[in-house]
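I have placed the structure first, in the form of structure tokens, so that the comments after it can refer back to it.
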Amino acid sequence: MRLFALVLITVFSHQTCSEDFNSCPKGCECTEWKGYYVSCTDIGTMPRFPGNTETLHLYETRLSSVPQDAFVNMVNISLIYLSVDVTLRRLEKHSFYALKKITHIEIRNTRSLTTIDPEAFKDLPKLKYLGLFNTGLTIFPALTRIHSEELSFMLEITDNIYISEIPANAFQGITKDMLTVMLYSNGFAKIQHHAFNGTSLDAVYLHRNGRLTYLSEDMFTETISGPVLLDLSDSRVTSLPSRGLETLRELSARNVWSLKKLPPVETFRHLISADMTYPSHCCAFKNLKKKKRYLDYIICNLTAKHGRDIKRLATVTVPALMDGIDKGIDMSNSLLRKTYDHHDFLSNLHYPDLLDEHSYHDMGFGDALKNPQVSTSQDIDSHYDYVICEDGETVTCTPAPDDFNPCEDIMGFSFLRVSVWFVSLLAVFGNSVVLFVLLTSHYKLSVSRFLMCHLAFADLCLGIYLLFIASVDLYTQSEYYNHAIDWQTGPWCTVAGVISIFASELSVYTLTTITLERWHAINFAMQLDRKLHLSHASAVMLVGWILSLLLALMPVLGVSSYQKVSICLPMSTENLLDQVYILFMLVINIVAFVVICACYIKIYYAVHNPTYTSASKDSSIAKRMAVLIFTDFLCIAPISFYAISAALDHPLISISNSKILLVLFYPLNSCANPFLYAVFTKAFQGDVFILLSKIGLCEKKAQLYRGQTISTKASSRDTNSHGINTEILKRWNVQATATCNQSGIKKDTNTSRGRKCKPTGHKFKQIKAMNSCGVFC
């Protein structure tokens, strides 16, 4: 009887414990839908959950911590979700410990969670996913005791804005197999060296880390393999590591405006896809295959002959070997050993991720592959196999280089690289000499000399711009893609652009002013009250400086842009304001050219004398004016034509070909002006000889010009009431003595030297014009 009672008590107690063990805790709901599911809300302490629980969801709880061994009784638990807890502060030691079937742990929206014990996640062999979202953590959690044995593991740490860095060895011990880390939208500012030490990385997502600026050069060194994919989009990193990216196949760096320079392209040995911020970076990957092929060609040639033998023997040797192994064939046979040795070499060659110092056992040959990114069922001709010996593989890269930024150096053609140095040095030297001679001349500064100084300065600035561009081109030769962003978005490109536009517009303005001044001096030769003075010229040039400077600064203020192209000229026509700006400058240049041509024609007819001027003199004047007009036309016409078509969204020339205009036509006036307006004139030559005589050179020539100067000064004091030099009158009298009674010329009987001729009317005006025509006569 007592024995029967004892049995009843034992059975009853087991039933009671079983009911307690499987009963649903207070504040929770338990259902059996696709396994035993428990959902708890608004609980303040961690209850004892049913032992057969498979999925646990804790939502809007009021826990202060997750205690030790909180889930140890749940032998079947596979999924744990903990979300929206404003009071949770700690995960204690062994919070998630020895859960043999757990595959998924997710903790969300726990802004008070600041501490995770280093052994909170420990010995979770089946864990495939761990997610930590929107917590209050200030340091990267220690997760090195997880020891997952799954083939692939995903770690997702997101929206943790107080974690400032990823330390060294942060992921070691999570898993021995493939690891994918999703570390986006955090507060990371830096990633330390060896951060991914001891891991087999598949994909690393670091996008949307807006504070991330520093990546250690060694962050990926000492990894077992990988990464295969790296995403740094929407971060602020300034450089990529040059080590550890040899296995990278996909790179994403969209909206990373601070990443202006890439490591050497040899770093990306197996890259097949890139999504970048700047088009110029795609130029680097475009050249990647060109730099890679020669070495690959050598390697492939070394293995090609044996490869053909392997293919020929494959259908016979491999089955025979398999049969032979079953039958105990001696593998010491030289042919078979050679075949197998070569097969190992090819395997290692085509799978460089497996090339390390570990034994085959360590590499994962056996029941499970070490590198599961290559599936066991993958066909041997897969796209990712035989990487080295593939023919014609190209890197897919976006954004593709556009018409404004083609994959070429600043000077796209070799002959331009040579020509730009010649043109720039000629412009700098010629205008420097003119400026120096004019400023050191012993003559009093006249209006013409004043204007010539401005012209020489403007053309000198344009020569400096070309010299600047030529220097940058030389420095970035063959690697412009790696300097394009720093150059085009940096301050020096803007400075070069401002100098270019300022110099070109000031040069055109000064040329027009010089021509108008000569025309005015000739057209109003008889009206001394209308003579231009230095004060007038200064006011006119002040307007020119202000106008040129305003036009040069417009792209800096947001109208068009100097950053669009490598030559730093305002070629942006993205909106109506940009188009109006460019068209306005072109119209100014065209109008200036028309004015110059009209003035030259008027000047020619003013000094042209079909009755008395010799044909050779007349021809000389015409030729010089023709040269001046022709150089202006060559400088303005081609650039204006193609620029107007581009401004109207119908470009007739590519950026590459437009550089020919930049080098050969754009600076034409800057090279020709110092010679046409100064060097080839007798007045300038006299200044040069007089200047050289001060150091003991060309003294005889200088004396000759000094004598002419003294004679000119003396004769200038002996002028008639109309301001005409008497020497010119004497020369005209010699030519016109025989016909002094013709064509409006009368006798003058009031001179002490007898009868002379005095010009009147049209002839008087023509002589005055000859006295004022300057460089044209």
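These residue numbers are counts, starting from 1, taken along the chain as shown.
Quick reminder: no glycine exception, Cβ is built from N, Cα and C everywhere.
What you are looking at is a predicted structure, and each value in this text was computed from that prediction instead of being measured.
Annotation source TrEMBL lists domain 'G-protein coupled receptors family 1 profile' at 430-677.
Positions annotated as signal peptide by TrEMBL: 1-18.
Under the heading transmembrane segment, TrEMBL lists 418-439 (among others). When Cβ-Cβ distances below 8 Å are used as the criterion, the transmembrane segment (418-439) is approached by residues 411, 449, 452-453, 456-457, 459-460, 462-464, 466-467, 469-470, 473, 663-664, 667, 670-671, 673-675, 678-679, 684, 687-688, 691 of the same chain, each at least six residues removed from its ends.
The annotation transmembrane segment is assigned in TrEMBL to 451-475 (among others). Away from its own ends, the transmembrane segment (451-475) comes close to residues 409-411, 417, 420-421, 423-428, 430-432, 434-435, 438-439, 483, 487, 492, 496, 499-500, 502-504, 506-507, 510-511, 513-514, 517, 537, 541, 544, 567-568, 663, 667, 669-671, 673-674, 677-678 of its chain (Cβ-Cβ under 8 Å, at least six residues beyond either end).
Per TrEMBL, transmembrane segment is recorded for 495-516 (among others).
Only residues 6 or more beyond the boundaries of the transmembrane segment (537-560), in the same chain, are considered here, and those with a CB under 8 A from a CB of the stretch are 447, 450-451, 454, 494, 497-502, 505-506, 509-510, 513, 517, 570-573, 577-578, 581-582, 585. Here TrEMBL flags 537-560 (among others) as transmembrane segment.
Look at TrEMBL and you will find 580-605 (among others) tagged as transmembrane segment.
According to TrEMBL, the feature transmembrane segment maps to 626-648 (among others).
Residues or ranges marked as transmembrane segment by TrEMBL: 660-680 (among others).
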